[in-house]
Structure formats: structure tokens, C-alpha cells
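Contents: one structure, followed by commentary.
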Amino acid sequence: MESNPSLPTDHRALVLSDIKDGFEVKTLPTPQPGIGNAIVRVEAASILSYHREIYNGARHYEFPMPIVGGCSAMGRIAAVGPDATLLQPGQLVYMDCVIHSRDSPEDLFLTAIHSGMTLGSKKLIRDVWRDGNWAEFSKVPLENCIPLNEIRLCRELGYTVKELTYISTLLVPFGGLRDIALQPGETIIVSPATGAFGGAGCLVAIAMGCRVIAFGRNETELARLKSHVLAGFPNANIETLKMTGDEAVDSAALKEFGTIDAMLDFTPPQASASSHVRSAVSCLRRGGRVSLMGFNANPINPQVVTGRNISFKGKLMYEREDMLLFVKMLERGL
């Protein structure tokens, strides 16, 4: 492919060639624009709280190597392919890490994190969209470049580009909350509330106009979370409750909050046996909804679920429509 004169011949990237060797800074050929992609100059890249566990092999995630690490990021369009009609060089964009096959959307993977569960997703990450965004330039599917109103976000609302990388964390609970059709005025339990995604879930639910019960094990962190939420949303309706690990005790404590409409859960793999989901589900109103975005191994009491018409929905990440709506909310100042 003929090189684009607006791009440098080479660029630097953090490359993982083997788990045992760790990352190295390498000089690589700069990717070139083509049909269906954009080349983005990376300005700020996200780092997951568990990225170390991914790249040292502790989580046993499957991905091809060598690979440029990373996940989602912020950057500016450097060049676009001939079929781009909206994106323009210089434009600030959010680069999302969830990549779908265009002719089979159920084939999806997380950029430089996990190859996905299908032969199609493994083919895409191996042969087409292998590298993440820990680099000076990234090749990104056009549909994964979400344009941002830089004047509104950075000049009027005062966000820095680095701060905007938090979009990648906020989008995860937003996808789960949208999936269960959470409505303004409803009450939702978020658990565990003090992790990265649980804390983000509390913020997003408050921004959506809901009452939040932050349910977690660490009282100090719960208090810090509540203080943080109220600093940004002084009129927020947020309660906290410490988990005891006793299903009946936790259930009784949650019932003290009155009518509860929904639950959002991010149980981490190491806590899969926790009873907190069952405690929370037992407190939901008839017709309550549960979004499972974590790894709880025993979330259901059949008698409660059937008797109260409780709906469970598993959700991996979010949809493109969720990203577009979230950006609109952010640009409105929510």
C-alpha cells in the first residue's frame, strides 16, 4: 500500500512479544488508511486496573502475539480511508475497544485484551485489528471512532483529553443500565460498588436521575464514594450499605431502603461465590430487573425470581448506540 504523505514512516509502540518478557518500546511501520478505517494519533490511552494480570498471564486471556497493548483511547484523526464521510483530520475522537465483525456482529473481541469466543472474532484480532492503542498511531475501524465536540467538552466544560479517557470506564455500566431500561426516578442497587466499574455505575445511575444504593464490603471506600458523588452531584440521592456476607442479614438491611427497582452487578472472578446478588435480588419489587456484568456463580433463588417476575440480563460491554447517547449526555453537562 502506498504510504500517506501526512503520516510518518515509522512510529513507536509498546509491544508484547512474549508473556515472560514483558513489554518493549519498538519502532514499527506506521499503519496506513484504507477502506473502513482511520489512522488516529493517540493523545491519551486508558489503563485497566487489571491490565497487569492480563499481560502477565494471570488471567489466562487469549490474544495473539506479538501485540501492541492497550484498550480504548483518545486521539485525533490523522488520516482516513476513501469511504469516510464524517471524520476529518484533526478531529478529536474516542477510540473504542469493542470491535465487531461487520458481516457477523456476534463475532466481537476486546482490542488487545481478549480474542473473543468465536472463530470469527479470533480471525479478526489475528489478521485485521490486532493492535491496541499503546502507540503513537493506531488503525481503528471507522465505526469505533466516536467524534467529540472538543469546544464543548474541553473549552466550555473544562475537561482535559486525559480526563476524557474515563469515558471507557463509564460506558460499561451505562451499557448494562440501558440494557435493563433503567428509568429516571428508579432505585437501583450497584454492587460491588467500590471497584472501578461499580463506582462508575453509581455515577452513571445518578446522572440518569436515579436513586442509588451502593453495596460493598469496604465502609471506608463506600464513604469516599458517596463523598465523591455528592461533590459532583450535590442533590444526588445515594445511600451506602456494607456487605456482611450473610445472605439473610444483607437482605434484611437492603429491605430497609424501601422499594427497589433494579440491580447492576460487577462481581469479580475471585468473588464468584459471594451471596450478595441473591441478597439483593430478594429485595427487588415484582417485575424488578437485574443486569449481570460480572461473574457471580449463584445469583438466582428460583422461588424469588419466579414468584416476583424478576428479569435477568447478561451484558457484555455496550452497543454503539449507547456510546453515541452517552457522548450526547456528556456534552450536555450531565
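Just so you know, glycine gets a Cβ as well, placed from its N, Cα and C.
Per-class residue totals from DSSP over the domain 'Alcohol dehydrogenase-like N-terminal' (36-149), listed helix then strand then coil: 17 helix, 39 strand, 58 coil. The domain 'Alcohol dehydrogenase-like N-terminal' annotation in TrEMBL covers 36-149.
Across the domain 'Alcohol dehydrogenase-like C-terminal' (198-330), the model assigns an average pLDDT of 97. Residues or ranges marked as domain 'Alcohol dehydrogenase-like C-terminal' by TrEMBL: 198-330.
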- Note on the structure: Secondary structure split (DSSP) over the domain 'Alcohol dehydrogenase-like C-terminal' (198-330) reads 59 helix, 30 strand, 44 coil
